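For reference, the structure is listed below as structure tokens.
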Amino acid sequence: MPAASLLPLFGSAAGPGALGGPAGGGAGGGGRKAAGPGAFRLTEKFVLLLVFSAFITLCFGAIFFLPDSSKLLSGVFFHSAALQPPPPPPGFQPRAPPQPGAGPAMPEEAGGAGSLERIRADHERALREAKETLQKLPEEIRRDIRQDKEKLLQDARGRKEAAAAGLPQRPFQQPVGAVGREPADPAVRQRRDKIKEMMKYAWDNYKRYAWGLNELKPISKQGHSSNLFGNIQGATIVDALDTLYIMEMKEEFKEAKEWVEKNLDFNVNAEISVFEVNIRFVGGLLSAYYLSGEEIFRKKAVELGEKLLPAFNTPTGIPWALLNIKSGIGRNWPWASGGSSILAEFGTLHLEFVHLSHLSGNPVFAEKVMNIRKVLSRLDKPEGLYPNYLNPSSGQWGQHHVSIGGLGDSFYEYLLKAWLMSDKTDEEGKKMYYDAVQAIETHLIRKSSSGLTYIAEWKGGLLEHKMGHLTCFAGGMFALGADGAPSDKTGHHIELGAEIARTCHESYDRTSMKLGPEAFRFDGGVEAIATRQNEKYYILRPEVIETYMYMWRLTHDPKYRQWAWEAVEALEKHCRVDGGYSGLRDVYSNHESHDDVQQSFFLSETLKYLYLLFSDDDLLPFEHWVFNTEAHPFPILRKEDGSKEEKEK
């Protein structure tokens, strides 16, 4: 179609002679000079550009948006027989056309009319996209093209790296809820923005004073290293990756990813804590991969997982606590009962190692943690309880000390979450969890004289009426597991979670600084108060806020948001210092004494749980995600995903 014949459709203001010829100075032209055939005005050029763009889009849309377009293209360009419909089965009768007034036809019944509707809708969408593109500024279009190119290059580089590392090709599909919407309530949104500002403050100071090191000393304004990680560096960077992502701190996430790509090195001659490196480094890399799809995180996670495998080289397969990742030589903590491994350490590998097998295609990771289950299932449990110490050589319990806090805590958490993460197919994990909860209720859970519910510790049959800050995670665990409990116990588990949350809130409220001590007691006439000096410190721990988050998500009782905000105000008042956030030596003192450490888990857990508390439930929804014990989110492994992988094999 000639360009001139298209213009009347848009009603040119120049009149019929605007394109040249004798009518150029016609009536109403105001003496305007006639244009020559090749001299369109700027507005006419824009109209022509718009028309041609729409026309080209329409043409291409007719090809690419038709149903079964791949088959159409195959037939057109390769003379494939794909366009030939299969012969109808014997006895096939064509469906009668829909009768007037019978309502809209379903897609399979609509026949040609339905196809035309889809084509029309696709064409309209293509025209809208073309119009939107034309409305963009040139620099915006260039930026979009540049970003698309970068993404293609990253994907290609990632596939190349994965192949070089021996990893299977894996198309990335971001799970539901990796990014949520803004809260509708302005007050809630303002509080969430404040928490994001806290994250930025913690991150910026780490970057300024300790970049590339494990943690920050915010008062000394220098790096802090713990022997838990050996010579592996960058704990704060890896631990914070997913928090940066869900808070949409895109520049910070990008610089963290670049550091991981260039500097994260596991080829070190050093002894590390298998537990800590697993939950922080392996967990942080796995969640960063699942959120972003960046192959470097999958590659690094699997590489590190392989380096941890020698820890399982014991007579029973119960792993050592400590491992030299160069020599592969392991040992246990010298203070642990008779050279025992610790329940919370060897019992907190399951989620990460199952996902390592899922992403690497190597079943060895999952086999290692399933063997731990076999060893535990053969052992007698005193009163149905799991002692904190197990000898990896003899396969027998050490000292009969049972705790739902330090040394035991996350073992129970991972039993429940293994079942949830398996899309509720791990029946063994489920049974172990609910049997353990029954024993905990019977032997460890008590009420104080004023009605506060707490979880005591069990030492050789005697109760120590002490509850640690670490134990406060259990409120959230009980509530999260309520849905899978026997029907007559569901409400009870929610109530139990609420009671633990209340007790832990009291432990905060009864201090001068409104932040909780490391442990608190229920004896000698005191309740929910630390009585020993070495239990009065606070190191930016997340467990109380973690329980608030679960209780908020599962009940939407506003008191949990209020209690969380009280903790935010206390953190800002007492822990925020010039160079970041610091723990406190004594939460009962009227004068702050800082410990000068900004823990990596403050960014990974404490601030993430606070952010989720003031977000809508569509951000990392529990129906699709499970958090490891360092608050790193892993997607639930759906049953259909497993069957699909089996077919591909």
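Counting starts with 1 at the first residue shown.
For all residues, glycine too, the Cβ spot is worked out from N, Cα and C.
Look at TrEMBL and you will find 46-66 tagged as transmembrane segment.
Per TrEMBL, the feature compositional bias 'Pro residues' maps to 85-101.
The Cβ of Glu276 (active site, proton donor) has Leu228, Phe229 as same-chain neighbours under 8 Å, each 6 or more residues away in sequence. TrEMBL lists Glu276 (among others) with the feature active site, proton donor.
For Asp409 (among others), the entry in TrEMBL reads active site. Its Cβ placed at the centre, Asp409 (active site) has 25 other Cβ atoms within 10 Å.
Taken from TrEMBL, the feature disulfide bond covers Cys472-Cys504. Around Cys504 (disulfide bond), the same-chain residues at least 6 positions away in sequence with a Cβ under 8 Å from its Cβ are His469, Cys472, Gly475, Gly516, Glu543, Val544, Thr547.
What TrEMBL lists as active site, proton donor is Glu518 (among others).
Annotation source TrEMBL lists active site at Glu543 (among others).
Packing around Thr629 (Ca(2+) binding site) is summarised by its Cβ count: 25 other Cβ atoms lie within 10 angstroms of its Cβ, all protein chains included. Per TrEMBL, the feature Ca(2+) binding site maps to Thr629.
Comparing local CB density within 10 A for the active-site residues Glu518, Glu543, the maximum falls on Glu543.
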